[in-house]
């Protein structure tokens, strides 16, 4: 992960403005502690804070085309950059080995329609000095964060995190995943248009080998790295599958021998937590170099303010799960690891949450899956990205690979539904796809282990500790008047109220409801409520 900041069309292009841009960009340095870059062209500024994963020696940003008329600042990874380079090599000269440089050349060759050619996670801003136009785009699912804002002087701003915009923009919003903004038209349009997005019910038959191969490819391509890496291993199905597949592909990773022949795995929890025990068992089975971290409830409480500052949300579930991940990321970075693979996205694709048991039919089951995936950028993607990026650690999520999602979401959803009469529990089609008798990926009882919420798996007393602490901080009278203090997204519990007060300390006096809620996620919340009723 890196941090990007772009300010385009500001009236003031003085040295003072440049200094201000540098100061705001510095707020993102935790995302990219390895180097800082800034390109100024008239009244446009593109800044970058780099986390060096690919080509650490020469891939500093911003990046350019041959004559430097096109400038781009990028946060993310382009996994198919070598294939794209091969398409361009006869007519384009590359300056660096960075995977992101290809974006500048693709734009020069194809114009604004190149974004769907990118296979990866990314947010970027590109400035074309030939006509002083610019574009900004975000990856298909919203794995990488991006925000868009507007200044009173007519300037347009983009940044990886809200904290770089909140003081200088009159208004700002979360940039929608799978969208591109063009200054030529002033429109924000969707470039990502897969078949599943329309929520029509698919009918492809379930083929376990096709599903398994698609996931193997998704993991394999995410092993593209020039720095040490590992896997976040909770011991649940999703992270265990990521670790199992990654361990089989270790031999393909260039330079892996320099960091050790074994895959590194990491887990965190309160002492005696379910995740620690399960992860230990999986790590032993896979023969990984396993690291087990412990934290106390008090250490988690002490970190809450810093967690909320970094993840930039007051959503209760997200904060509960982000805190252990935030603490673990600091430990991982201290070991010299800069990139990790994680298991986010599987529950949204396969209906892994327990409330999916109550889906009345496959049509509503599938439509809810679609809504969950569309809302991932507000919850799990936000948590995974910002909790790790707070310490200069990059998280990659193979379940959210574009090709894998297309395969998984084309399967008749009847196969994904829980069928006790047929021995099918939640995510059965994923479990069965990796149930290989000849060369097992995982032990049977791990492969068919029921899901734990991450915030429960790290230790059940973690949630109780959070609630008790909030009850001490928020009085009954404060909660009774919550609708007057916070009329938008009014907190309904003392825990939610407590998180909101911390959030408002860092981002005060603004209506943030429209940043965190788009129409899809609002519908998602209503559907969840409906499915929760017997």
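Numbering starts at 1 and runs along the chain as it is shown here.
Using N, Cα and C of the backbone, Cβ positions are placed for all residues, glycine too.
TrEMBL entries are annotated by machine, without manual review.
The active site, for GATase activity annotation in TrEMBL covers 2. Counting every protein chain shown, 28 other Cβ atoms lie within 10 Å of the Cβ of residue 2 (active site, for GATase activity).
Look at TrEMBL and you will find 99 tagged as L-glutamine binding site. Counting only same-chain residues six or more apart in sequence, the Cβ atoms lying under 8 angstroms from the Cβ of residue 99 (L-glutamine binding site) belong to 54, 55, 59, 77, 78, 79, 81, 120, 224.
When Cβ atoms from all protein chains are considered, those within 10 Å of residue 232 (ATP binding site) total 26, not counting its own. Under the heading ATP binding site, TrEMBL lists 232, 268, 342, 343.
For 2-186, the entry in TrEMBL reads domain 'Glutamine amidotransferase type-2'.
Residues or ranges marked as site 'Important for beta-aspartyl-AMP intermediate formation' in TrEMBL: 344. Within its own chain, residue 344 (site 'Important for beta-aspartyl-AMP intermediate formation') has 238, 376, 380, 381, 383, 384, 397, 399, 400 as residues 6 or more apart in sequence whose C-beta sits under 8 angstroms from its own.
Other residues of the chain with a Cβ within 8 Å of the Cβ centroid of 232, 268, 342, 343, the ATP site, are 231, 233, 234, 239, 266, 267, 325, 328, 340, 384, 395. Rounded to a whole number, the distance between the Cα atoms of residue 343 (ATP binding site) and residue 2 (active site, for GATase activity) is 21 Å.
There are 28 other Cβ atoms within 10 Å of the Cβ belonging to residue 268 (ATP binding site). Around the Cβ of residue 343 (ATP binding site), the number of neighbouring Cβ atoms within 10 Å comes to 24.
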